[in-house]
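What follows is a short report on a single structure.
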Amino acid sequence: MDPKTSAGQCPVMHGANTTAAQSNTAWWPNALNLDILHQHDTKTNPLGEGYRYREAVKQLDVAALKADLTALMTRSQPWWPADWGHYGGLMIRMAWHAAGSYRVADGRGGAGTGNQRFAPLNSWPDNANLDKARRLLWPIKKKYGAKISWADLIVLAGNVAYESMGLKTYGFAFGREDIWHPEKDIYWGSEKAWLAPTGGEGSRYSGQRDLENPLAAVMMGLIYVNPEGVDGQPDPLKTAQDVRVTFARMAMDDEETVALTAGGHTVGKSHGNGSAANLGPAPEGADVHEQGLGWNNHSSRGIGRDTVTSGIEGAWTTHPTQWDNGYFKLLLGYDWELKKSPAGAWQWEPVGIKEDDKPVDVEDPSIRLNPIMTDADMAMKMDPAYRRISERFAADQAYFSEVFARAWFKLTHRDLGPKSRYIGPEIPAEDLLWQDPVPVGPTAYDVGAVKSRIATSGLSVGELVATAWDSARTWRGSDYRGGANGARIRLAPQKDWAGNEPERLARVLAVLEPIAAAAGASVADVIVLAGNVGVELAAKAAGFDVTVPFAPGRGDATQAQTDVESFEVLEPVADGFRNWQQRSFAVQPEEMLLDRAQLMGLSAPEMTVLVGGLRVLGANHGGSKHGVFTDRVGALTNDFFVTLTDMAHAWVPTGRNSYEIRERASGVVKYTATRADLVFGSNSVLRAYAEVYAQDDSREKFVRDFVAAWVKVMNADRYELQG
């Protein structure tokens, strides 16, 4: 050590280099966070660039894995004993809470990435002690290694848990790929504290309890609703409304909601036999010697019957390790009264219950204890619509089991995408409407002849490109929905979306559909081919001969295969790529552009080159001239970037989201723009990309890069091409 270094000085890295010190966004909170476009790359993946999970998992011995999981369920470990000798309830809660973070509005969250291993989810109050479930799974994950992802294993463990307790599940599909660091793009809410009540700083509620979009949980740190009641105040009818909203935001109807609520609480128990004050920090805040485990109780026994998790204490059913419909028989068969758990949480307990209807203690079968219900459970009895469904399930266990099995499959597979992404021997044969089915399309047609007919159809470059873009831009990598495959742009609701310019769209489709029919091609393929033709014509006008890669085989979905309500969440309210937004929003246009780029799986350079190209192709919504910094509209030039970076121009605000570019010398207005244009000159990172494309030696590079990014967008939903 340098003798000049005092004992109080650090001779190596300072904390600012290794810990979460003040970041650029902390110093400049309004700066655009481009980090959301640069996640989950090969630098963070320890499995290497050549590893392909979707190929590796096909080598998995599924029967052996399921046998090991089944054995795990009843192999209680002394460091975290199984309730009644069965880990089923714990494993189901782990899988449920992984899948339950999904929200349909933006497709983010869910079980598809194994994100429950990382902050913030690994330390949410609602996920307390699920770290123990994952540690119990570790020997199995260790054994099967890279052939099974954590994401798949977590969900499969829940499935096997149900099967081990007597439920015939609907099926299972592999294919979920792990991420290796926390997601940076998911907005979980603005609250500054866990479980912050309504009305506090950053509250997610406004008006008459209107939940902020796209959120699908009532509090920061919860998966769905507060089990004690709205803001911790029991009132089953009020809680019923919270339940209905949160489950709807996961695309569940009332029957699925009742089935999932009851099915999740048919097995296992809630834990609150002690004081939460004795619990240590959550995993992310625990000391190094805790080795990633949180909520450890070093003040009392803290395991088995003395476990504290939610604070509510007790099982819901008489036989918590057995699949049946006893949940409804207790819920509907008894009156219930409010009580406090040993941990001080509100819970409902039955009045005058028969001794035989009580579940036994998790450690001593000679002891029987009251079952409990949460406020959400009581909503299944008190809400009239939920009550009717509950009564039917109580009367028909087979029907309840079937509805639950299907709803559980939907819950755990919704963010896996369409059926073409499913892998494994237990894929259900039935096509389900929520899977957005698309038939296989034809491939044996003359692509060249179709392109020739499109090129001579009289449609402009802008019309060709905009129509293809609108068809493909709905794809989102969060839950693999949307995209050009299926040509749903010609069906309700997409054909009537304002962002798709219905009149222009109908005119273009009237030209393209006969071309498809005559050639024996799908309309979906021809729409993409039309965009490709537009790009090729534009490149030629700029002096470059290019052939845009194309793979036939897209199918045409029918209206019957399209759930109109489900697709409404894919409607764009803004598209910075086409310089359009439906109205003014609290969020700036450039932030909405960035969010769409992230959902589309684009990098910052790809976003940059696509915006610059689409501007000069005349693809703006409604023929807007904003950002069209060229005198050669329809030619794929780098004029957008050349103009943007030219200091001969000055930019002058003319409204909230409108600007003029003026010649500095004369003051003459040359062009107009929006924030979605100017951000490429104002943001230091985006300007660096813009300068590359503005260079004199980058004209061809710009064209090549635009084509590559364009093809990526057009093929985003061609999963059969991706392996």
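One-based numbering along the chain as shown.
Every residue, even glycine, has its Cβ placed from backbone N, Cα and C.
Copied from Swiss-Prot, the annotated features are:
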- Arg93: site 'Transition state stabilizer' (SITE)
- His97: active site, proton acceptor (ACT_SITE)
- His265: heme b binding site (BINDING)
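Sequence-distant neighbours of the residue listed as 'heme b binding site' (same chain, six or more apart, CB under 8 Å from its CB) are Trp316, Thr317, Tyr327, Thr374, Asp377, listed in sequence order. Neighbours of the residue listed as 'active site, proton acceptor', defined as other CB atoms within 10 A of its CB across all chains, total 23. According to DSSP, the residue listed as 'heme b binding site' sits within a helical segment. Of all Cβ atoms in the shown protein chains, 25 besides its own fall within 10 Å of the Cβ of Arg93 (site 'Transition state stabilizer').
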